[in-house]
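J.: According to Swiss-Prot, the protein carries these features:
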type	residues	note
DISULFID	Cys219-Cys239	disulfide bond
CARBOHYD	Asn234	N-linked glycosylation site
CARBOHYD	Asn284	N-linked glycosylation site
MOD_RES	Met1	N-acetylmethionine
MOD_RES	Ser4	phosphoserine
MOD_RES	Ser7	phosphoserine
TRANSMEM	48-68	transmembrane segment
TRANSMEM	70-90	transmembrane segment
TRANSMEM	112-132	transmembrane segment
TRANSMEM	171-191	transmembrane segment
TRANSMEM	192-212	transmembrane segment
TRANSMEM	251-271	transmembrane segment
TRANSMEM	289-309	transmembrane segment
TRANSMEM	328-348	transmembrane segment
TRANSMEM	372-392	transmembrane segment
TRANSMEM	395-415	transmembrane segment
TRANSMEM	432-452	transmembrane segment
Amino acid sequence: MQASRYSIEAEPGWYVSVQQPEEAVAAEEWSPLLSNEPRRQGSSGASFGLSVFNVMNAIMGSGILGLAYVMANTGILGFSFLLLLVALLASYSVHLLLAMCIHTAVTSYEDLGLFAFGLPGKVVVAGTIIIQNIGAMSSYLLIIKTELPAAISEVLPSDHSGAWYLDGQMLLIIICVGIVFPLSLLPKIGFLGYTSSLSFFFMVFFALVVVIKKWAVPCPLTLNCINAVFQISNATDDCKPKLFHFSKESVYAIPTMAFSFLCHTSVLPIYCELRSPSKKRMQNVTNTAIALSFLVYFVSALFGYLTFYDKVESELLQGYSKYLPHDAAVMAVKLCILFAVLLTVPLIHFPARKALMMILFSNYPFSWIRHSLTTLALNIIIVLLAIYVPDIRNVFGVVGASTSTCLIFVFPGLFYLKLSREDFLSWKKLGALSLLSTGTVVGSFSLVLIILDWVNK
């Protein structure tokens, strides 16, 4: 009865190929996620480039503004090591997700939870995605509400206080009705590749401005940069970069770094719509997106740190506002970052809506009415949270730390350990165990830091 051991009934939710190991690996790398030959023959499906832009948009958000502060508290080499480690772990966790999708023949994070732990597993994964993405979207909209009026007022030549376009709530509602809701209504995440490419170029522009402005801010820093441009001195301790630096502030860098490459809720929907989908092709999409995001992260953090050194603000643009208050490039990059954050909202809206639909309407066929009403309901919820819960980022700090840790580290490692038929001492299972352990430690550490921060305040 050797054959029965290799059937799908061998263990609920796990498919094991009857091919030889070498042949199985090769087939797995290039096997399609879905049996969709008619689609392959047509031109439908998102291209490799648009899929890369979508993954990068899912990765990069407002967190890029805090990375220079992280470098100041860890040192250049310490930051580089942590950033590279997190990027590799994120890539490996995506690798495990894709491998499980191939072997279980499912196409969603939620269904992986179903295969691993039954209906409770599916509900837990879907609930985690919904909470994480609603928290992220609300936080992004709160940034828009608080920062966009200030950015607009800096651009205007005279005082326009009291004008409707400087009212954060009014701007937020207009933007959500005119931009966020229409983009969120799109039925396929691949359609957002064009807006994601725009968001990525905004981030690249931000990094370029940070590089250029390194030579516009004097060192040692003075509040009157115009009169001190020629007083630049690298002879003082204030202007010497630290390769390694550890202090009590350094521990706060770990949660920020750990969540720098969170894209896992969007990876599988992007995978499903990829043209000629295969595990190898989607892994290349993910690796390309992570590598480009790593490059933008590192360049902006490095030159942001080398501009302000120990005086770098927790949000990098605040430093430029203080020392270059009327600089045209800085004002432009503020608007670009805000629009980049805005264009991320529809992308992370897609997995949240999908998770909600899978919990409530999994047995129903697609309906435009149901699709539109669910989209509208989610948009109303995140707008209300952004308007009426001013400390939304603090509220979702604890929840976000735990849900992000689960989605990046815990779930991929745990599901692989549960579903895999490999020997426990195999490299993949040991890697999955390491991922699970890392997630548990990072998640617990993040929660402790957030609670201590609340107590100190």
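Cβ coordinates are placed from backbone N, Cα and C, and glycine is handled just like the others.
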J.: Please work out which recorded stretch in 112-132, 328-348, 372-392 has the most C-beta pairs separated by under 8 angstroms from the transmembrane segment (48-68)?
T.: 328-348
J.: Determine which residues of the chain contact the transmembrane segment (192-212) at the Cβ level, with the cut-off under 8 Å and only residues 6 or more beyond its ends counted.
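T.: Answer is 46-47, 49-51, 53-54, 56-57, 60, 64, 68, 183, 186, 292, 296, 299-300, 303-304, 307, 316, 329-330, 332-333, 336-337, 339-340, 343-344, 346-347, 350.
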J.: Given the cut-off of 8 Å on Cβ pairs that are 6 or more apart in sequence, determine whether the transmembrane segment (289-309) and the transmembrane segment (70-90) share at least 3 such pairs.
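T.: As far as Cβ distances go (cut-off 8 Å, pairs 6 or more apart), the transmembrane segment (289-309) and the transmembrane segment (70-90) touch.
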J.: Which residues of the chain, 6 or more past the ends of the transmembrane segment (328-348), have a CB below 8 A from one of its CBs?
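T.: Same-chain contacts beyond the flanks: 54, 57-58, 60-62, 64-65, 133, 136-137, 140-141, 143-144, 147-148, 151-152, 154-155, 175, 179-180, 183-184, 186, 189, 192, 195-196, 198-200, 202-203, 205-206, 209, 212-213, 265-266, 317, 320-321, 382.
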J.: Sort out for me which stretch, of 112-132, 251-271, 372-392, 395-415, 432-452, has the most Cβ pairs below 8 angstroms to the transmembrane segment (171-191).
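T.: Looking at each of 112-132, 251-271, 372-392, 395-415, 432-452 in turn, the most contacts to the transmembrane segment (171-191) are made by 372-392.
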J.: Could you give the residue numbers and ranges of same-chain residues that sit at least 6 residues beyond the transmembrane segment (70-90) on either side and whose C-beta is under 8 angstroms from one of its C-beta atoms?
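T.: Distant contacts of the transmembrane segment (70-90): 241-247, 249-250, 252-254, 256-258, 260-264, 290-291, 293-294, 297-298, 301-302, 304-305, 308-310, 312, 408-409, 435, 438.
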J.: What is the number of other Cβ atoms found within 10 Å of the Cβ of Cys219 (disulfide bond)?
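T.: Taking all protein chains shown, Cys219 (disulfide bond) has 21 Cβ neighbours within 10 Å.
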J.: Hey, does DSSP put Cys219 (disulfide bond) in a helix, a strand, or just coil?
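T.: Once the DSSP labels are grouped into three classes, Cys219 (disulfide bond) ends up as coil.
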J.: Sequence-remote contacts (6 or more beyond its ends) of the transmembrane segment (112-132), Cβ cut-off under 8 Å?
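T.: Residues packing against the transmembrane segment (112-132) from afar: 12-14, 97, 100-101, 104, 106, 265, 351-352, 355-356, 358-359, 399-400, 403-404, 406-407, 411, 414-415, 418-419.
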J.: So are the transmembrane segment (432-452) and the transmembrane segment (372-392) touching or not, going by 3+ C-beta pairs under 8 A with a sequence gap of 6 or more?
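T.: Counting Cβ pairs under 8 Å, fewer than 3, so no.
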J.: In the same chain, which residue numbers or ranges, 6 or more beyond the ends of the transmembrane segment (395-415), come under 8 angstroms Cβ to Cβ?
T.: 89-90, 93-94, 96-97, 100, 109, 112-113, 115-116, 125, 128-129, 131-132, 135-136, 138-139, 255, 258-259, 261-262, 264-265, 389, 432-440, 442-443, 446-447, 450-451
J.: Taking the Cβ of Cys239 (disulfide bond) as centre, how many other Cβ atoms lie within 10 Å?
T.: 16
J.: Return the count of C-beta atoms lying within 10 angstroms of the C-beta of Asn284 (N-linked glycosylation site), excluding that atom itself.
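T.: Within a 10 Å radius of the Cβ of Asn284 (N-linked glycosylation site) lie 14 other Cβ atoms.
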J.: Cα-Cα, whole number of Å: Asn284 (N-linked glycosylation site) versus Cys239 (disulfide bond)?
T.: 40
